[in-house]
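What follows is one structure encoded as structure tokens, with my remarks underneath.
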Amino acid sequence: MKKLFLIIGAPGSGKTTDASLIAKEDDKYAHFSTGDLLRAEVASGSELGKKIDSFISKGNLVPLEVVVNAIISAIKGSEKSNIIIDGYPRSVEQMTELDKVLSAQNEINLRGVIEVDVSEAIARERVLGRARGADDNNEVFNNRMKVYLDPIEAIRKFYKGKNLLHVVNGERTIEPIVADIKKLIENL
């Protein structure tokens, strides 16, 4: 049985960096970023990649079935039994679909959802300061923030109701954030 941990947070919250550091420091964890999974598909130049790019380049969500298939395939294909995925779910529909898919099988057990909590001001400062890609400009950031904020209360409520939600303060230096997340994951 594979253990699944989801790390969610605003754009610029550090969720991808946190998750990748945990996986790098401890090889019993595999880390997948939904953003990286989707960007890899775009980079491949495939038809699916072009379709994904038409959504990502505007800061919009990629269609549900594409994302869920990419995630489940990555989990099942991993040699590791502890899987960390960041940046998912980003909508109530994604959350519901993942819950449905996980409920219908017995290979993957969702153990926890960790929210890396940062203010919008900190998120904006980090994203606009990193200039990682064409999606890191003010207009696209505003759209990405709206896409994140619109469903977050419903997502929190759903996972809190399942006793899976844990919140970590993301407005500190990276070491204590990573240590807190790792401690949570090890105890779930």
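Positions of Cβ are set from backbone N, Cα and C atoms, glycine also.
Over in Swiss-Prot, the protein carries these features:
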BINDING   Gly12, Ser13, Gly14, Lys15, Thr16, Thr17, Arg130, Arg172  ATP binding site
BINDING   Thr34, Arg39, Asn60, Leu61, Val62, Gly87, Tyr88, Pro89, Arg90, Gln94, Arg132, Arg144  AMP binding site
REGION    33-62  region 'NMP'
REGION    129-135  region 'LID'
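Swiss-Prot feature annotations superimposed on the structure.
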residue : record           : contacts (Cβ under 8 Å, 6+ apart)
Ser13   : ATP binding site : Val116, Asp117, Val118, Ala123, Arg126, Gly170
Gly14   : ATP binding site : Val116, Val118, Arg126, Gly170, Ile174, Ile177
Lys15   : ATP binding site : Ile7, Ile8, Gly9, Asp86, Gly87, Val116, Gly170
Thr16   : ATP binding site : Ser33, Gly35, Asp36, Asp86, Gly87
Thr17   : ATP binding site : Ile174
Thr34   : AMP binding site : Val67, Ala70, Ile71, Ile85, Asp86, Gly87, Tyr88, Arg90
Arg172  : ATP binding site : none
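A straight line from the CA of Asn60 (AMP binding site) to the CA of Arg130 (ATP binding site) spans 20 Å.
Sequence-distant contacts of the region 'NMP' (33-62) (same chain, six or more residues past either end, CB-CB distance under 8 Å): 16, 19-20, 70-71, 74, 85-88, 90-91, 94, 134-135, 140-141, 143-144, 147. Maximum intra-site Cα distance, ATP binding residues Gly12, Ser13, Gly14, Lys15, Thr16, Thr17, Arg130, Arg172: 17 Å. Taken residue by residue, the region 'NMP' (33-62) breaks down under DSSP into 20 helix, 1 strand, 9 coil.
Of the listed binding-site residues Arg90, Arg130, the Cβ environment within 10 Å is emptiest of other Cβ atoms at Arg130. Applying an 8 A CB threshold to same-chain residues 6+ apart, the list for Gly12 (ATP binding site) reads Val118, Ile122, Ala123, Arg124, Glu125, Arg126, Val127, Arg130. Note on Val62 (AMP binding site): other Cβ atoms within 10 Å of its Cβ, all shown chains, come to 23. In the predicted model, the region 'NMP' (33-62) has a mean pLDDT of 85. Counting every protein chain shown, the Cβ of Asn60 (AMP binding site) has 13 other Cβ atoms within 10 Å.
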